[in-house]
Amino acid sequence: MLSRLSAVWRPSRVALRIQRVDFTTCGNRLNRSTQPNEPPLVSGIAARSRTAKAEPVEKRGRAAIKIDSPPPPLEPPRISEEHMTRRRKVGGGKTKAAAVTKSKQRRSGRTVGASAFNTARRANGIEGSAPGKGGASDVAIDDDDDEKLVDEESKQLMQLLKEEALRREEEKKKRLRAKAAAEPTEVTDDKEYLSKLGVAERTQPVGTEAKISAQGKAEGASEGQTHFSDADADSQLPILTSLSPEQQRALRLALKGRNLFITGGAGSGKSLLIREIVYQLRHNKRRCVYVTATTGVAALNVRGSTVNSFAGVKFGDGDARQLLKWVRRSRRAAGRWRYCQTLIIDEISMMDPLLLDKLDVIARAIRRRNEPFGGIQVILCGDFLQLPPIPPRNKPQQKTEENAEAQEGGDPTDGTPAPSKLQYCFETSTWTSLNLITVILHKKFRQHDDLAFQQVLDELRVGSLSPESYELLLSRTVASKSSAKSRKKKDEDAGNDGVLPLTDAETTPAAAEKDRHVRLCATNKEVEMRNAKYFAALEPKGLPIYPSPNDGSSQQTGSSNGANSVTEEDTMRPLQVYRAYDAYSTHETEPETTEETTTGTQPSQPWVRFEDSTLPTDLALKVGTRVMVLQNISLRLGLVNGSVGEVVGFLHPLELVELVLRAPRERHFPSARGQELLERAGLPTLQDAFRCVDTALGQSLFYYLRERGIRRPEDASYGCVYGNTHCRDILRLVGLGKTESANAVHPLEMYLGGIAPQHVRLTRLPIVRLDLREGNHTSSDSGAVEDGGFANGSKRLPKHVYAFISPSSHQWYMGDQPVATRTQLPLRQAWAMTVHKAQGLTISHVEVAIHRFFSPGQAYVALSRSTRLDNIRLLDFNNASVHACPRAKEFYTVLEEEELDNEIEDDGTEGDEEALEGDGEYEGEVEE
């Protein structure tokens, strides 16, 4: 009996095993025999895998199994070897976390991505698809067909983006290799320097602080840099070839250990020079460099911290002795002062002069060296003719020029004002003791195409306009509604036949919506009112109701349509709300913080103010919202930080992938799904979808997918296109990051068909239409395009570029260690913004209500954001609105006279380019 059961069981078990064999191998073995009279070439275990009828027979007294003639062989599923090769290539490399999640779900009776996988198999023709119904043989698209789809403008644009992305990737690899090669030497040099300094034997906390500093460097090196955009990475690269002669002179002096004061007008490249100095000092000289600034906005621009946080003096209140006690109680603050070798302070013009004297006293006491700043190399950067210093908390800010002059008091002929009368840092005794070498940057990079505008800005900077410059600014004046009637009546009475002002272009919200100018205001209240006015006029009507940080509910809109109601209006013209995700970096001695902290800051890092970031805390977007892009997309195309565009639609990342991959198959007969995606994205044609730039990838998504061999929407998972970090950031921005559970599908396993519809709707990202500048409409590259086959010469580019905006991050640094991070879409509403927020940006079209400015230099900062005079619009301009501080003007007059003498003296002591080659002995010069 047992033998009979065994005989029946064995063939069945073999047949089950054969069913698990790869379909391609089974098909090749079964289909070798094509003639009916030819015996099948199947042997061994494969022959026994056929379905057969078993009959018991007698053999040697035992029951056996007699196998009749087998039925015709099974027809293998129709599947191409090319598809299987591509699936193995794209689907391989699952992470360990994905494997663990998949194993848990299998044990619980679920299969990861089963529905999406079956959908993909049916769409690929695996499960008996009929010819002409979407099978694999009918929809295969080769490279030649792709080339025919894309026009020449799109090809040229995609090629430029590809070359720029490859260049960034190659430079990033070089930077990582150089950093890895320099790490062991850097530790050795630090130990040697600390032994020379001889402070470890005098103070007990130094050894502990050195250990913590080394651990902090290791943690900073291990921090994930995935949040950095390509523009942030480019800012850390050596750029010696792009520096002007004045900038190269400042770099040589900095590498020789001199104390510097770098100044110049707006757009002269001060921030660019600071980044290059930091890069050279850290990588070539192995120096411990701390980059600081007087404001949080300026600190983010130079990737540093505020000077108050570095010094450990909180708000800087109190006398020097009280601040010194605070610093000595903070082990970290004291350690920063001891090990700092180069201190860079940006926007020195906005620092309280008394604070500079206090910092000098603290540095001398902590370092126990009776030298200016305890022997630290000090590099100051700023322009005293721009925004004035920030007053202390117990002093009101100056409102008018008359109040400023009244507060100055005293005899203007005195060389040294009383301490209570100090207004700028150059009036302090510490400034004189530093023996700063002044480097004035004269070349303007921002307005290099408009020489007349440069002359106007130079005169506006010192507060004295010539008649020609005044007429040029008056020609850009627009009368506001409140003063249009009074000005018209005044001109009629006076018979004024002078320059006629421009017409008011923003009489209605609809007209303002089409306008490209960004209003620069003096206060936050004006900005909020203007942005809310025009945002509420868009469809759907109303303003968003932002949820509290502790509220786990989804975003609600100000209209009747809630976040959970799915209507046609919500789908095509939605109201999307994104809340920034703020987090602190972990440290061994500090509690780990990885949750949202938008309502406050940690006591251990009170200096971090997330509202200082240009990335907004809450970002509400509709179709038609005017936005400003806060990261560089393409330097060659002029799509840089500060470019203004308009939101035209919203798509989920995988929906955009589906749209791009559907286009080749639906170029003749578009489907309803393809038309729906094209309409939801706000793209007029398929060519616009081809050249849509993904900010996460840095190039055209169509080009990127073609290089990866991804041709079908069913083959594109989230992991093979974007990755885990991209998905995690999006979920956090829409409030879904905390809903992850053990049974959730891993982001690398997600296909579009496996995501819940409500999650697809909430996690859609904006598509922004950006206008190329007039100088970027053509490309005159000498090299031929590889794939496109273009000849040498100019090629015309499209006037509009569409960008798919992905999350980005701003980081706060203490030295070279990131301490806090804000993640948000690099966009902000751009109907209006404050002058302080616009500092450091390049805005193409600017509108300025100059009659409302109250601080000296505020009008100059606002107008210098633009690149051309023709792109400026002034409201109620008059000559009284332009003024500069008399003390600052006198200071720069002296600097201009001494500049020539300093250059002659420096030329006699500098010698050759030894500093750039790294041959000089930097440490000896500083310590002596």
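Glycine is no exception: its Cβ is also placed from the backbone N, Cα and C atoms.
Checking the ranges 298-317, 678-697, 818-837, 858-877 against Swiss-Prot, the DNA-binding region annotation falls on 858-877. The Cβ of ALA266 (ATP binding site) has ASP383, GLN386, ARG446, LEU457, TYR860, VAL861, SER864, ARG865 as same-chain neighbours under 8 Å, each 6 or more residues away in sequence. Counting other CB atoms no more than 10 Å from each candidate's CB, the binding-site residues GLY265, GLY267, GLY269 peak at GLY265. The most densely surrounded of the binding-site residues SER268, SER271 is SER268 (count of other Cβ atoms within 10 A of its Cβ).
Look at GLY267 (ATP binding site): DSSP puts it in coil. Excluding GLY264, GLY265, ALA266, GLY267, SER268, GLY269, LYS270, SER271, which define the ATP site, the same chain contributes ASP383, LEU441, LYS444, PHE445, ARG446 within 8 Å (Cβ to the Cβ centroid), listed in sequence order. Take the CB of LYS270 (ATP binding site) and look out to 10 A: across all protein chains shown you find 23 other CB atoms. Residue counts for the DNA-binding region (858-877) under DSSP (helix as H, G, I; strand as E, B; rest coil) come to 9 helix, 4 strand, 7 coil.
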